[in-house]
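**Student:** After the structure tokens below, expect a handful of questions from me.
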Amino acid sequence: MSLATTQSIAEIRARNKELIEEVLKVYPEKTAKRRAKHLNVHQAGKSDCGVKSNIKSIPGVMTIRGCAYAGSKGVVWGPIKDMVHISHGPVGCGQYSWGSRRNYYVGTTGVDSFVTLQFTSDFQEKDIVFGGDKKLIKVLDEIQELFPLNNGITIQSECPIGLIGDDIEAVSRSKSKEYGGKTIVPVRCEGFRGVSQSLGHHIANDAVRDWIFDKLEPEGEPKFQPTPYDVAIIGDYNIGGDAWSSRILLEEMGLRVIAQWSGDGSLAELEATPKAKLNILHCYRSMNYISRHMEEKFGIPWCEYNFFGPSKIAESLRKIAGYFDDKIKEGAERVIEKYQPLVDAVIAKYRPRLEGKTVMLYVGGLRPRHVIGAYEDLGMEVVGTGYEFGHNDDYQRTAQHYVKDSTLIYDDVNGYEFERFVEKVQPDLVGSGIKEKYVFQKMGVPFPEMHSWDYSGPYHGYDGFAIFARDMDMAVNSPIWKKTKAPWKEAAKPKLLAAE
């Protein structure tokens with residue numbers, strides 16, 4: 001059990017501040033001064049978490065961030081299932097981004113859906129010297145011949161494309177005209193842009209604006225009959241089928257989901273989104289830009305929602321219903337009431353097994369704050385959290401709505417810092433990504449992988465909460481953790497293996 005369970009708030013705050021100072025001591029003075037701005041202990045009543053964010057990582061540290069290409073291709077565009085996404089540049093970026101994140105979809109792979117396939121222009125040295133536009137044209141022609149049912153193509157630029165100045169926009173316009181108006185989207189997401197994958201999200205949002213929305217032509221005959229209850233799910237990547245479990249609740253309360261993207265999304269759904277009455281935004285960090293644009297240009301309001309855990313689900317359903325009439329408000333209450341027996345059963349089964357357990361998180365997007373409510377519904381306490389690529393508004397939301405007094409906050413934490421924090425705080429569970437998973441498991445710390453749900457899920461919605469509770473119980477209470485200490489060390493004082 002964590003030390004947090006036996007200490008007062010003041011003692012925990014003092015311990016965490018001391019821990020930050022201890023971690024910073026190993027750095028050179030200049031580095032320590034820079035990193036100190038990213039580490040803090042939350043104080044109740046403050047409007048933010050007191051850390052600097054969205055700043056370039058220090059060269060030489062083991063940062064856990066990605067690049068702009070990862071943010072565009074790997075997060076925003078990649079899950080659009082009926083479009084082919086070209087990793088334009090050397091093969092490495094495509095190879096190492098292939099299959100690294102689950103995005104479930106409905107379709108026949110290689111025929112009308114292409115999410116799990118990897119397309120690359122395989123740049124060589126001669127392409128750097130003489131330019132890659134001719135190779136890109138050849139790749140586009142091959143895709144058009146081999147995959148004729150694709151509904152569009154995106155060109156995801158890797159670093160060399162921006163460095164040598166290839167005109168991918170001109171190629172896109174030319175080939176689109178040649179293919180009879182096919183949607184071809186050039187995305188300037190070279191990895192050297194920005195400080196993390198976050199700029200890649202923004203660039204991808206801008207590409208949707210400039211190459212999808214701005215090219216929509218006024219319709220003669222509408223493609224579908226609009227209703228007052230049309231909504232679009234934005235920023236759910238359907239990692240474990242989460243968009244589907246969320247969609248069930250929205251439709252049960254009387255709304256019609258006309259688009260969901262990017263997870264299990266299509267080009268047609270992108271094009272239909274400007275006709276929604278409300279955009280409901282799951283991942284604020286990666287999709288708030290396009291949501292704000294649609295509010296400004298099309299007058300579509302948007303709201304952020306959280307379907308992790310029953311408390312936040314009920315809160316979000318009522319928040320969404322507030323944009324509609326009494327029919328939808330009554331529908332929201334009906335849905336909450338319908339699933340209450342399931343919630344009660346899950347909590348009755350798992351809360352006694354998880355009550356008082358402590359958690360430290362370090363993930364991307366919205367999860368450093370959104371999953372806190374689900375843990376608290378199970379009686380667990382989040383004692384530390386941080387964002388890989390968060391901005392100041394993420395930390396404001398975290399401080400104002402999620403974390404408790406004395407919570408340890410760490411932005412762009414590196415491998416050294418995170419390991420030292422876990423050693424000293426001794427949480428019962430650490431939730432982070434695949435790069436951290438095996439480090440902490442070898443330290444004897446239960447670890448659910450919180451980027452892809454450890455190939456479980458969904459975790460969204462009421463059904464997802466049952467799976468989430470089961471997985472957290474399996475992680476924390478697995479008998480294997482009793483076997484991590486050598487028998488001849490059993491008599492020693494219990495502590496983390498890494499501290500030995």
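Every residue gets a Cβ built from N, Cα and C, even glycine.
Quick paste from Swiss-Prot:
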| type | residues | note |
| --- | --- | --- |
| BINDING | C67, C93, C159 | [8Fe-7S] cluster binding site |
| BINDING | C283, H451 | [7Fe-Mo-9S-C-homocitryl] cluster binding site |
**Student:** By CA distance, which of the binding-site residues (C67, C93, C159) lies nearest to H451 ([7Fe-Mo-9S-C-homocitryl] cluster binding site)?
**Tutor:** C67
**Student:** Cβ atoms within 10 Å, counted per site: which of C67, C159, C283 has the most, among these binding-site residues?
**Tutor:** C67
**Student:** Same chain, not part of C67, C93, C159: whose C-beta falls within 8 angstroms of the C-beta centre of the [8Fe-7S] cluster site? Give them in sequence order.
**Tutor:** A68, Y69, A70, G89, E158, E190, G191, F192
**Student:** Out of C93, H451, which of the binding-site residues has the smallest number of neighbouring Cβ atoms within 10 Å?
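**Tutor:** Result for the binding-site residues C93, H451: minimum number of other Cβ atoms within 10 Å at H451.
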**Student:** When DSSP is mapped onto helix/strand/coil, what comes out for C93 ([8Fe-7S] cluster binding site)?
**Tutor:** helix
**Student:** Between C159 ([8Fe-7S] cluster binding site) and C283 ([7Fe-Mo-9S-C-homocitryl] cluster binding site), what is the CA-CA distance rounded to a whole number of Å?
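**Tutor:** If we compare the Cα positions of C159 ([8Fe-7S] cluster binding site) and C283 ([7Fe-Mo-9S-C-homocitryl] cluster binding site), the gap is 26 Å.
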**Student:** For C159 ([8Fe-7S] cluster binding site), name the DSSP secondary structure in the helix/strand/coil scheme.
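**Tutor:** The three-state answer is helix.
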**Student:** What does the structure give for the C-alpha distance between C283 ([7Fe-Mo-9S-C-homocitryl] cluster binding site) and C67 ([8Fe-7S] cluster binding site)? Integer Å is fine.
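**Tutor:** For C283 ([7Fe-Mo-9S-C-homocitryl] cluster binding site) versus C67 ([8Fe-7S] cluster binding site), the Cα atoms are 18 Å apart.
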